[in-house]
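**Student:** Can you keep this structure in mind? I'll have questions shortly.
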Amino acid sequence: MRIWWLLLAIEICTGNINSQDTCRQGHPGIPGNPGHNGLPGRDGRDGAKGDKGDAGEPGRPGSPGKDGTSGEKGERGADGKVEAKGIKGDQGSRGSPGKHGPKGLAGPMGEKGLRGETGPQGQKGNKGDVGPTGPEGPRGNIGPLGPTGLPGPMGPIGKPGPKGEAGPTGPQGEPGVRGIRGWKGDRGEKGKIGETLVLPKSAFTVGLTVLSKFPSSDMPIKFDKILYNEFNHYDTAAGKFTCHIAGVYYFTYHITVFSRNVQVSLVKNGVKILHTKDAYMSSEDQASGGIVLQLKLGDEVWLQVTGGERFNGLFADEDDDTTFTGFLLFSSP
């Protein structure tokens with residue numbers, strides 16, 4: 001139908017061209033309605049193969065695949081053959097003893113042997129019978145003087161003898177009764193000024209610092225903060241007090257407990273005398289101890305942590321102190 005409309009339009013145009021010499025051109029007509037869509041053309045031929053494109057960016061990793069199904073259980077293998085153990089045989093019977101062989105021929109006579117050792121002495125024989133009494137012998141010599149006999153009875157009292165010499169002076173007799181108190185005597189002259197009595201002295205107080213807190217275990221605690229040690233009886237390098245004046249001493253210690261538990265002992269010459277233990281409970285705590293000791297010259301006293309590093313919570317800073325004190329109460333001869 002569209003083809004017919006197309007041919008008609010061409011024909012009209014051709015007629016108009018031929019009549020231009022004789023007719024005037026008229027006004028253009030009103031455009032007709034759009035024609036219907038034409039039939040689809042045939043498929044074009046395949047084009048030439050294009051160049052290979054650039055490689056695309058790697059894709060994202062795929063999600064893990066699902067687990068495969070379990071395989072079927074294999075058949076049970078045949079049981080292996082076990083060789084049967086043989087039966088133990090019976091014990092054989094004991095054989096009969098053999099017959100005695102014939103007696104051997106006598107050997108030649110040996111040489112004469114050496115003389116044997118003397119045999120042991122025989123036992124004592126029985127006592128023989130008493131023989132007949134012999135004739136009387138001659139008179140013997142006079143024997144020695146016999147021992148002195150016992151004293152005889154006391155004789156009668158004799159006449160008084162002459163007067164003897166005077167004997168030595170006897171011991172002093174007991175003091176007599178105290179006499180009546182006498183009159184007060186005159187005042188004596190003033191005596192000379194005596195020597196001033198010098199009392200022996202020994203004392204110290206030491207403490208820990210930030211550098212010496214949390215001391216090591218099982219060794220003397222070295223207190224390096226000197227509060228009083230005028231006589232140098234406490235050795236800061238060794239951490240020990242040494243007795244220079246024999247007598248009775250008082251020792252005391254005051255501990256600030258922080259961060260860890262505390263377990264200390266006061267030691268005298270290597271022997272633990274006094275023990276103190278305190279458990280840390282999340283805030284600062286205090287522990288202390290004191291004792292009176294009799295010391296001799298050269299005795300040593302110190303404090304030490306016992307039980308390991310878990311019990312060395314002895315603390316010190318600008319606001320907290322841990323101290324060790326000792327002083328002489330009185331000397332002894």
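The backbone N, Cα and C atoms fix where each Cβ goes, glycine too.
As annotated in Swiss-Prot:
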| type | residues | note |
| --- | --- | --- |
| DOMAIN | 197-333 | domain 'C1q' |
| CARBOHYD | LYS73 | O-linked glycosylation site |
| CARBOHYD | LYS127 | O-linked glycosylation site |
| MOD_RES | PRO31 | 4-hydroxyproline |
| MOD_RES | PRO34 | 4-hydroxyproline |
| MOD_RES | PRO40 | 4-hydroxyproline |
| MOD_RES | PRO58 | 4-hydroxyproline |
| MOD_RES | PRO61 | 4-hydroxyproline |
| MOD_RES | PRO64 | 4-hydroxyproline |
| MOD_RES | LYS73 | 5-hydroxylysine |
| MOD_RES | LYS127 | 5-hydroxylysine |
| MOD_RES | PRO151 | 4-hydroxyproline |
| MOD_RES | PRO160 | 4-hydroxyproline |
| MOD_RES | PRO175 | 4-hydroxyproline |
| SIGNAL | 1-19 | signal peptide |
**Student:** Looking at the recorded positions listed here (PRO34, LYS127, PRO151, PRO160, PRO175), whose Cα lies nearest to that of PRO61 (4-hydroxyproline)?
**Tutor:** PRO34
**Student:** Among all the protein chains here, how many other CB atoms are within 10 A of the CB of PRO61 (4-hydroxyproline)?
**Tutor:** 6
**Student:** Count the Cβ atoms, other than its own, that fall within 10 Å of the Cβ of PRO64 (4-hydroxyproline), considering every protein chain shown.
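**Tutor:** A 10 Å sphere around the Cβ of PRO64 (4-hydroxyproline) contains 6 other Cβ atoms.
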**Student:** Can you check which residues sit near PRO40 (4-hydroxyproline), meaning Cβ under 8 Å from its Cβ, same chain, 6 or more apart in sequence, and list them in order?
**Tutor:** none
**Student:** Using LYS73 (O-linked glycosylation site) as the reference point, find which of the recorded positions PRO34, LYS127, PRO151 has the shortest Cα-to-Cα distance to it.
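**Tutor:** Looking at Cα distances from LYS73 (O-linked glycosylation site), the smallest one goes to PRO34.
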**Student:** In the domain 'C1q' (197-333), how many residues does DSSP put in helix, strand and coil?
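**Tutor:** Tallied per class, the domain 'C1q' (197-333) gives 3 helix, 76 strand, 58 coil.
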**Student:** Roughly how many Å lie between the Cα atoms of PRO175 (4-hydroxyproline) and PRO151 (4-hydroxyproline), rounded to a whole value?
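**Tutor:** If we compare the Cα positions of PRO175 (4-hydroxyproline) and PRO151 (4-hydroxyproline), the gap is 47 Å.
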**Student:** Around the Cβ of PRO58 (4-hydroxyproline), how many other Cβ atoms lie within 10 Å? Please give the count over every shown protein chain.
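**Tutor:** Excluding its own Cβ, PRO58 (4-hydroxyproline) sees 6 Cβ atoms within 10 Å.
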**Student:** About how far apart, in whole Å, are the alpha carbons (Cα) of LYS127 (O-linked glycosylation site) and PRO151 (4-hydroxyproline)?
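**Tutor:** Computed Cα spacing between LYS127 (O-linked glycosylation site) and PRO151 (4-hydroxyproline) is 47 Å.
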**Student:** Once the chains shown are all counted, how many other Cβ atoms turn up within 10 Å of the Cβ of LYS127 (O-linked glycosylation site)?
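**Tutor:** Cβ-Cβ neighbours of LYS127 (O-linked glycosylation site) within 10 Å number 6.
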